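Novice: First the structure, then my questions, so here it is.
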Amino acid sequence: MHLHTPKQYIFQKWIVFFTLGLVMFYFFLFVSKHAFNAPYFDDFRVISIIRRVSESPLTRFGELFQNFNGHRFGFPFSIALLDYYVEGSYNLRSMMLLGTSVYAMFFVITFFTMRSAGQSPVTMIPVALLMFQPSVHRNIFWPISTLQYMFSVFLTIAMFYCLSKRSNKGFIAALILAALHPCTNGNGIYVIMLGIAQLISMHDYKKAGIWTLFVGLYACVFYLGMPTVVGLNGYSNQSEQLLNAPLRILCCFFSFMGSTFFAIRLKPADAVVVGGILSALMLFISVKFLLNYFTKRNSSLSDKESSEFVIFFTAVSFVITAAGAAISRGQNSSTLIIDRYEVYSVLIVVMVYCLLLFSFRGSWRNYFLLVSIPFSFLYCAYMHWHYGPVVAHWQNSLQTDVYMLQKNQTIQGKLYPFTKKGAEQFEDALQAGIYQFPQTIFTKVGNRIDTNASRQVNKDLKFRFENKILPAYGGVYYYQIFSDDIVHPETAETYLILKSVSKDKTYILSPEWNRNQGYMSFLKMKKQYSSGFTVNIFQDTTEPGDYNIGIVTIKNDDIDIVYGSQIFTMPREGKLTLY
């Protein structure tokens with residue numbers, strides 16, 4: 001007797017597809033709501049590069065492949081340049097939506113790979129819930145990050161997928177994808193080397209030889225053109241560090257692997273422990289794969305086994321990235337929990353989940369799914385609860401950046417990205433129409449922001465001030481303004497305002513609201529926000545002097561400005577010589 005009739009099976013399959021589509025659709029709505037056409041940090045340099053290359057594409061095209069923080073970003077820069085030609089100006093919101101689409105394509109390839117590996121569509125529900133949640137916000141809402149990391153992970157799995165198809169067309173497509181990878185991310189030269197192992201495992205030695213020759217020539221080009229990409233020059237201190245502090249590097253590696261779980265309890269040690277567990281699982285599965293391969297080394301892999309190896313090699317590529325990041329970034333810390341690397345941790349969890357599915361058989365696989373599906377639903381819901389306010393603050397800070405760039409040629413709250421030359425280049429790009437400022441929440445109320453500071457004074461409006469040093473770039477001064485009792489408004493937006501006492505200068509700052517955090521607050525169904533906020537002001541973003549300090553509340557086209565009686569003083573000391 002059959003457990004399910006054909007009609008029941010079809011109905012269940014459509015429920016699964018509906019669930020997958022709903023998860024992806026909701027995530028796209030979330031991204032569309034918060035994506036904003038404003039540059040952040042390295043995006044300013046991208047805009048300047050587009051301006052230079054667009055002036056003389058034939059003679060300056062090579063500048064797209066310049067050394068950019070130890071990487072060649074020729075492919076991401078080319079996409080940005082193409083967007084400029086298509087839209088008439090560089091639209092950073094379009095890049096965010098494009099990055100989200102590429103992320104979705106990673107999911108689609110994973111789906112087809114898992115189906116080829118004999119897995120049912122229902123096994124993809126946890127994959128969708130693990131992937132499509134806002135912990136990867138820095139990989140989406142930071143355009144240069146999305147063009148680098150989202151395309152990098154997509155090129156990785158697409159390359160292995162094409163190689164698994166055994167056809168000449170698939171091999172040529174894989175070569176093209178492999179050629180793009182090192183021009184997208186610095187670790188790409190190592191990732192494409194895994195293609196040799198994949199082809200050997202498939203007993204396709206002719207193509208493995210061609211691939212080896214291709215990788216060797218490509219590696220030589222990159223070594224001669226930019227040594228930092230392959231880590232053979234300028235990284236001697238890191239090799240010494242690896243020998244002198246292996247335990248710290250190992251902790252950094254584990255924390256990179258497990259960083260997606262940091263948000264659950266906000267304890268770095270948790271990420272290290274989870275990363276260690278994921279690494280142990282990866283090691284166990286790797287041994288199992290290798291043993292299975294050597295027992296069948298005289299026979300070709302089936303299509304099912306080739307698909308399993310796509311997931312396996314994709315997982316190994318992410319481990320290589322984790323190792324590289326731990327070695328290069330682990331000089332000053334025993335943990336490596338960085339927002340812009342979050343997508344790798346998320347996808348490592350996804351790959352381990354898929355590999356575990358391959359390891360389980362029969363009822364054990366069903367038990368694993370019974371645990372995985374509700375856990376992934378809970379995980380996705382928690383990440384939306386935890387990171388929703390983070391993304392909202394990110395969008396608000398970008399809006400204030402646009403206002404500040406138009407008003408004062410500066411930005412709010414983040415390290416100032418301009419040298420004097422860089423500021424001039426960005427201004428030239430604006431004049432050339434390379435980038436156009438979007439409408440913001442301040443557009444309709446801008447004139448009313450400059451109201452006299454002596455009006456609407458509330459003596460009960462109090463703030464606390466602190467100054468600190470960020471241990472980066474040789475030490476960067478920044479100042480913090482705290483409010484302990486102002487409550488996050490549910491139907492309006494609130495900003496901090498600094499109005500110069502002696503000059504016609506007004507600065508708008510987006511506060512980062514205090515939040516209820518941790519899984520216990522989530523399970524108790526607490527509100528996302530608690531009372532109070534913090535505003536960070538980095539050196540060089542605000543002119544030295546005395547400022548009236550107050551609160552701006554904007555709802556639709558209405559604006560309300562209330563100042564306190566305190567004076568905030570931006571010190572003159574501790575400034576970098578950027579000007």
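Using the three backbone atoms N, Cα and C, a Cβ is placed for every residue, glycine included.
In case it helps, TrEMBL gives these features for our protein:
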type: TRANSMEM; residues: 14-31; note: transmembrane segment
type: TRANSMEM; residues: 95-114; note: transmembrane segment
type: TRANSMEM; residues: 140-163; note: transmembrane segment
type: TRANSMEM; residues: 170-196; note: transmembrane segment
type: TRANSMEM; residues: 208-235; note: transmembrane segment
type: TRANSMEM; residues: 247-266; note: transmembrane segment
type: TRANSMEM; residues: 272-294; note: transmembrane segment
type: TRANSMEM; residues: 306-327; note: transmembrane segment
type: TRANSMEM; residues: 343-360; note: transmembrane segment
type: TRANSMEM; residues: 367-385; note: transmembrane segment
Novice: Could you tell me whether the transmembrane segment (140-163) and the transmembrane segment (247-266) are in contact, taking contact to mean 3+ Cβ pairs under 8 Å with a sequence separation of 6 or more?
Specialist: no
Novice: Give the nonlocal contacts of the transmembrane segment (306-327) in its own chain as ranges (CB under 8 Å, at least six residues past its ends).
Specialist: 110, 113-114, 116-117, 153, 156-157, 160-161, 164, 166, 186-187, 190-191, 194, 197-198, 201-202, 231, 238, 241-242, 249-250, 252-253, 256-257, 279, 282, 285-286, 289, 336, 341, 344, 347-348, 351-352, 354-355, 358
Novice: Quick check for me: are there 3+ Cβ pairs below 8 Å between the transmembrane segment (170-196) and the transmembrane segment (272-294), leaving out pairs under 6 residues apart?
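Specialist: By the criterion, they do not touch.
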Novice: Mind checking which residues of the chain, 6+ beyond the ends of the transmembrane segment (272-294), have their Cβ under 8 Å from one of its Cβ atoms?
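Specialist: Distant Cβ neighbours of the transmembrane segment (272-294) are 201, 251, 253-259, 261, 301, 305, 308-309, 312, 315-316, 319, 334-335, 348-349, 352, 355-356, 358-359.
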Novice: Counting a contact as 3 or more Cβ pairs under 8 Å, with residues at least 6 apart in sequence, do the transmembrane segment (343-360) and the transmembrane segment (95-114) touch?
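Specialist: Yes, the transmembrane segment (343-360) and the transmembrane segment (95-114) are in contact.
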Novice: Looking at 14-31, 95-114, 367-385, which one has the highest count of Cβ pairs under 8 angstroms to the transmembrane segment (140-163)?
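Specialist: Per the Cβ count, the answer is 95-114.
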Novice: Would you kindly list the residues that approach the transmembrane segment (14-31) from elsewhere in its chain, counting only those six or more residues past its ends and only Cβ-Cβ distances under 8 Å?
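Specialist: Distal contacts: 96-97, 100, 104, 107, 121-122, 124-125, 128-129, 132-134, 140-141, 380, 384, 391.
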Novice: In terms of Cβ proximity under 8 Å, which residues at least six beyond the ends of the transmembrane segment (95-114) contact it?
Specialist: 24, 27-28, 31-32, 35, 79-80, 83, 121, 123-124, 127-128, 131-132, 136, 139-141, 143, 146-147, 150-151, 153-154, 157-158, 161, 164, 307, 310-311, 343, 347, 350, 354, 357
Novice: Who are the long-range neighbours of the transmembrane segment (367-385) in its own chain, taking Cβ under 8 Å and residues 6 or more past its ends?
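Specialist: Long-range Cβ neighbours of the transmembrane segment (367-385): 23, 30, 122-123, 125-126, 129-130, 132-135, 263-264, 353, 356-357, 360, 519, 522, 528.
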